[in-house]
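Here you go, one structure.
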Amino acid sequence: MIEYAALKFNVASIPMSESPKKVIVGMSGGVDSSVSAWLLQQQGYQVEGLFMKNWEEDDGEEYCTAAADLADAQAVCDKLGIELHTVNFAAEYWDNVFELFLEEYKAGRTPNPDILCNKEIKFKAFLEFAAEDLGADYIATGHYVRRADVNGKSRLLRGLDGNKDQSYFLYTLGHEQIAQSLFPVGELEKPQVRKIAEDLGLVTAKKKDSTGICFIGERKFRDFLGRYLPAQPGKIITVDGDEIGEHQGLMYHTLGQRKGLGIGGTKDGSEDPWYVVDKDVENNVLIVAQGHEHPRLMSVGLIAQQLHWVDREPFTGTLRCTVKTRYRQTDIPCTINALDDDRIEVYSGEVCLCLLQRRSLPGRRHYRAATAADGLIIQYTTSFKSPQSGLKDEVYFI
């Protein structure tokens with residue numbers, strides 16, 4: 001038996017009227033959305049579910065689990081006694097997420113489709129459909145984040161489970177979207193969520209967490225990408241200008257990558273591995289450096305653009321905070337200096353800002369990892385002679 005009073009989640013912070021508020025939960029067929037629906041029921045909300053189908057190109061069972069996920073979502077809704085709606089956002093996903101995903105790869109950048117998917121599908125198309133077609137007061141998802149309403153604005157906060165916190169993927173959400181969204185599992189840890197599902201006898205209790213591209217599923221990425229972007233082989237050269245191999249397409253390679261380059265070999269007898277340090281998109285050249293400690297893999301700063309501040313107006317001075325440039329990366333103390341309205345310089349006293357955890361990737365999102373989640377897109381990284389000197393040695397445009 002679940003002791004509800006012992007569960008600490010912040011859904012109750014939203015005032016309830018005499019008539020229950022209607023919440024549409026995005027039911028993915030996973031354990032997090034399943035438990036979210038139950039938690040909202042315990043709060044007295046009128047709960048219904050919505051299953052979204054967003055991919056139709058090759059939705060066979062080998063890659064896409066939509067049919068099985070829908071069956072699980074339906075089983076959970078039946079167990080909880082709530083209605084399940086279905087909707088197809090495949091056209092919106094293609095136009096607003098997948099085409100941009102391909103354009104970013106064409107440009108030699110490494111996009112994060114989950115961030116764009118959240119912005120355009122889960123918290124736009126879904127939110128609008130739930131409000132306009134289903135009469136919802138709120139939507140809810142199984143994301144491990146929290147919200148706080150301060151001075152009339154809704155802020156996005158980290159989930160309490162540091163291993164599952166997903167605020168990194170939601171930094172593009174605005175106050176209006178957050179204000180209409182509930183995140184019931186954000187106050188819980190994953191083992192608690194699974195325990196609740198198990199105690200309730202939900203079919204999703206032990207279901208594996210989903211991975212892969214948002215709504216597309218797990219697949220061999222090179223083969224998948226090659227179906228939409230023709231491969232363009234080109235030269236692999238070292239930072240010294242020596243040609244040492246051939247790549248099958250810049251889109252298949254990421255800055256900091258070590259495996260899959262197809263070049264073993266040595267330089268001057270060295271057996272150190274090679275790493276991708278740059279892409280010359282105009283000339284279709286992949287640039288590599290040898291050795292984990294090569295200077296071209298190190299950076300203590302970056303210039304970023306397309307800023308998105310979730311809970312504040314753009315600042316014009318200096319800000320001390322922490323930063324992460326990829327999901328699950330350890331927070332790093334940094335200083336942010338405003339360059340203009342849409343660009344900032346991020347500097348850390350640690351060389352590991354961009355690598356030793358692999359160099360930050362242009363196109364990847366930078367995350368102000370304080371209480372609220374803000375973000376931006378990396379334009380290029382900077383290298384310095386040393387963290388102590390502060391003297392700029394060179395700037396690598398990537």
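Cβ atoms are placed via backbone N, Cα and C, with glycine included.
Below, the features straight out of TrEMBL:
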ACT_SITE  C117  active site, nucleophile
ACT_SITE  C214  active site, cysteine persulfide intermediate
BINDING   G26, M27, S28, G29, G30, V31, D32, S33, M52, G142  ATP binding site
DISULFID  C117-C214  disulfide bond
DOMAIN    301-346  domain 'tRNA-specific 2-thiouridylase MnmA-like C-terminal'
SITE      H143  site 'Interaction with tRNA'
Using the alpha carbons only, what distance in Å do you get between M52 (ATP binding site) and H143 (site 'Interaction with tRNA') once rounded?
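Between the alpha carbons of M52 (ATP binding site) and H143 (site 'Interaction with tRNA') there are 16 Å.
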If the ATP binders are G26, M27, S28, G29, G30, V31, D32, S33, M52, G142 per the record, what's the largest distance between their Cα atoms, in Å?
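In whole numbers, the farthest two Cα atoms are 16 Å apart.
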DSSP three-state call for D32 (ATP binding site): helix, strand or coil?
helix
In terms of DSSP three-state secondary structure, what is the assignment for the residue listed as 'active site, nucleophile'?
helix
Counting only residues 6+ away in sequence within the same chain, which have a CB under 8 Å from the CB of D32 (ATP binding site)?
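Spatial neighbours, sequence-distant, of D32 (ATP binding site): G142, H143, Y144, V185, V193.
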Using DSSP with the three-state reduction, classify H143 (site 'Interaction with tRNA') as helix, strand or coil.
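For H143 (site 'Interaction with tRNA') - judged by DSSP and reduced to three states - the answer is coil.
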Pop the Cα-Cα gap between the residue listed as 'active site, nucleophile' and S28 (ATP binding site) into the table, whole Å please.
14
